[in-house]
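Under the heading Mn(2+) binding site, TrEMBL lists 85, 87, 121, 145, 339. If you look up TrEMBL, you'll see 168-254 marked as domain 'Peptidase M20 dimerisation'.
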Ligand SMILES: [Zn+2]
Ligand SMILES: [Zn+2]
């Protein structure tokens, strides 16, 4: 048995929000240093860590990535951080695999890089690590995520997770205030917001594409009900299964918002505040992961690729830099679902995660 449960139990009871993973990263960095890795803390002034092991022989540079952050929930009226996306599981799996790989002295060529990134849930952790230069010398990067039970039960794993692109658009709409008795002298920001929401709802992409766009927040209040409101704030959530489709959907959304607000004389400031690219998965890396899964779980343990409308900021690595990427899903009998405040999974699945992670590393850096 490995140390994975010990690491998991420690990390699970110190959940920290994105960019605040101080205790989490201190623990991981210290464990990695003890194991013999060269560790860089505070990558790009964040809580991110990169650790490296150089075999001293020529060969590829493989990066393995785990995320460290918890989610902010409101439970019983109190704000609290909780690991409801299983990032404590991912970190424990990678930490344990990293320790065992060195202990067993099986890395025979190239370099192994471990990326423990902050703030996946904020959508900006991977970008911060990329700006810190951590993958500039990397040839291949692999990430993983625990999967809900209905998608992939324990003792099964999928070698490719096709996540979707997601984008948040925020619009501040400016009208002109007026007395409720003289609406012709004002420009009603609430009317403009309604027009913008309706205009976005009429957007169509080709029916063969998978996408959705919907307003998710609308705030407009002049403080009184007998005046024309002059300010409104609206948000939209956009999802597509591919990056080209997101480019099209985003352009059409921005255009629809601008033209509809301007059609009644309003002005609008539009910001794209969060952008996560869709999965860009390399077939060679997927093959390596699939072989590793079969080695550990048998042929019957290998599930088909999974397509999900969820987002994962991991895909900034292949989209921002020229690096081959693979991303796999680990079955862990996870219920009732990711991000649910009472999310639970079978922690004995972590052992499978360690074995598959090690097998992937050795297929690339073993003899
Ligand atoms: Zn999540
Ligand atoms: Zn997650």
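Placed from the backbone N, Cα and C atoms, the Cβ positions cover glycine too.
Known features from TrEMBL, placed on the structure.
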residue: 85; record: Mn(2+) binding site; Cβ neighbours (10 Å): 21
residue: 87; record: Mn(2+) binding site; Cβ neighbours (10 Å): 27
residue: 121; record: Mn(2+) binding site; Cβ neighbours (10 Å): 19
residue: 145; record: Mn(2+) binding site; Cβ neighbours (10 Å): 26
residue: 339; record: Mn(2+) binding site; Cβ neighbours (10 Å): 13
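For the recorded site, residue 121 (Mn(2+) binding site), the DSSP three-state label reads coil. Residue 339 (Mn(2+) binding site) falls outside any helix or strand according to DSSP and counts as coil. The Cβ centroid of 85, 87, 121, 145, 339 marks the Mn(2+) site; residues of that chain outside this set whose Cβ lies within 8 Å of it are 67, 69, 71, 84, 86, 120, 338, given in sequence order. Secondary structure at residue 87 (Mn(2+) binding site), taken from DSSP and collapsed to helix, strand or coil, is helix.
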